[in-house]
């Protein structure tokens with residue numbers, strides 16, 4: 001079985017082909033970061049229009065990369081949510097039209113389930129059950145995963161997601177979009193403990209997150225450090241970035257440890273854009289070693305949005321006979337807990 005995957009939920013156009021026998025055989029990606037940089041963030045209308053321009057050429061490029069024709073595709077998977085409604089509709093419409101024209105089944109895939117499945121594309125994939133930390137610009141969730149579709153939300157952000165807090169704080173530091181990535185690079189040059197940020201919601205029971213207060217704390221710290229010209233010196237910027245990142249990482253470590261101890265699980269899967277953060281990876285690895293457990297995450301190119309994770313997730317579900325009807329429907333808000341469970345599917 002060969003599945004074409006299409007991802008258009010936000011500002012990346014991703015197309016990939018997953019082959020049951022050979023694994024991932026094509027992966028094409030176009031990022032809109034440069035286009036949105038002038039605006040300091042994603043402009044939904046521009047994102048949608050660019051997906052219209054790029055999706056079909058990327059499908060053609062993926063088929064060429066895999067040395068396949070359309071007649072050799074057995075199904076199409078597409079991101080149907082959560083995400084920007086206009087961007088989602090582009091991918092969904094193209095996927096549904098191609099599935100009808102090629103006479104193959106189509107499947108609407110949950111974007112965050114795609115991220116959750118991304119580590120399955122690696123050489124040493126995790127086995128169920130495990131705790132999943134989904135951490136991106138739009139989501140920060142701790143999920144108990146018993147199998148495909150068997151999800152229990154243990155905790156999530158009650159305000160800003162971690163990635164959103166990174167981006168907003170980076171912007172306060174005068175960094176260009178995407179500011180979160182630039183903040184992490186700045187933090188590497190920071191002096192530890194010059195500034196100490198709070199670790200929100202770690203002084204009480206529970207697994208929920210709150211990151212909006214860290215952004216406010218950063219703003220107040222920045223304002224207190226401005227010189228007479230209203231500027232921050234470079235080392236102070238690095239030190240504030242370091243303190244902010246350390247607070248986020250510490251908070252996540254504490255919550256992950258609680259989730260593992262609460263469930264008795266020994267495997268942790270981390271996925272989503274922020275899962276590429278070097279410090280977070282290093283400290284989670286140290287924590288899991290102390291707990292005699294193991295942490296799994298996708299390679300950096302599959303941390304951000306991509307078509308490979310959608311193609312793979314679509315393959316798993318289409319193989320079990322799941323499919324979507326002919327209607328073009330997207331879900332900008334879509335709880336993962338409503339997804340169909342694939343019974344007794346404990347190894348993929």
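Glycine residues also receive a Cβ, built from the backbone N, Cα and C atoms like all the rest.
The Fe cation binding site annotation in Swiss-Prot covers 111, 115, 305 and is backed by sequence analysis. Residue environment of residue 115 (Fe cation binding site) contains 29 other Cβ atoms, counted within 10 Å of its Cβ in all protein chains. Reduced to three states, the DSSP call for residue 115 (Fe cation binding site) is helix.
For 134, 135, 136, 137, 138, 167, 180, 277, the entry in Swiss-Prot reads substrate binding site, with the evidence type sequence analysis. With a cut-off of 8 Å between CB atoms and residues at least 6 apart in sequence, the same chain places 10, 82, 161, 163, 164 near residue 138 (substrate binding site), listed in sequence order. Following the DSSP three-state reduction, the secondary structure of residue 138 (substrate binding site) is coil.
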Candidates 111, 134, 180, 277: member of the binding-site residues with the richest Cβ shell (10 Å): 111
Where residue 180 (substrate binding site) sits in the secondary structure, as DSSP reduces it to three classes: helix
Nearest of the binding-site residues (136, 167, 180, 277) to residue 305 (Fe cation binding site) - Cα to Cα: 136
Length of the line joining the Cα atoms of residue 135 (substrate binding site) and residue 115 (Fe cation binding site), in Å: 9
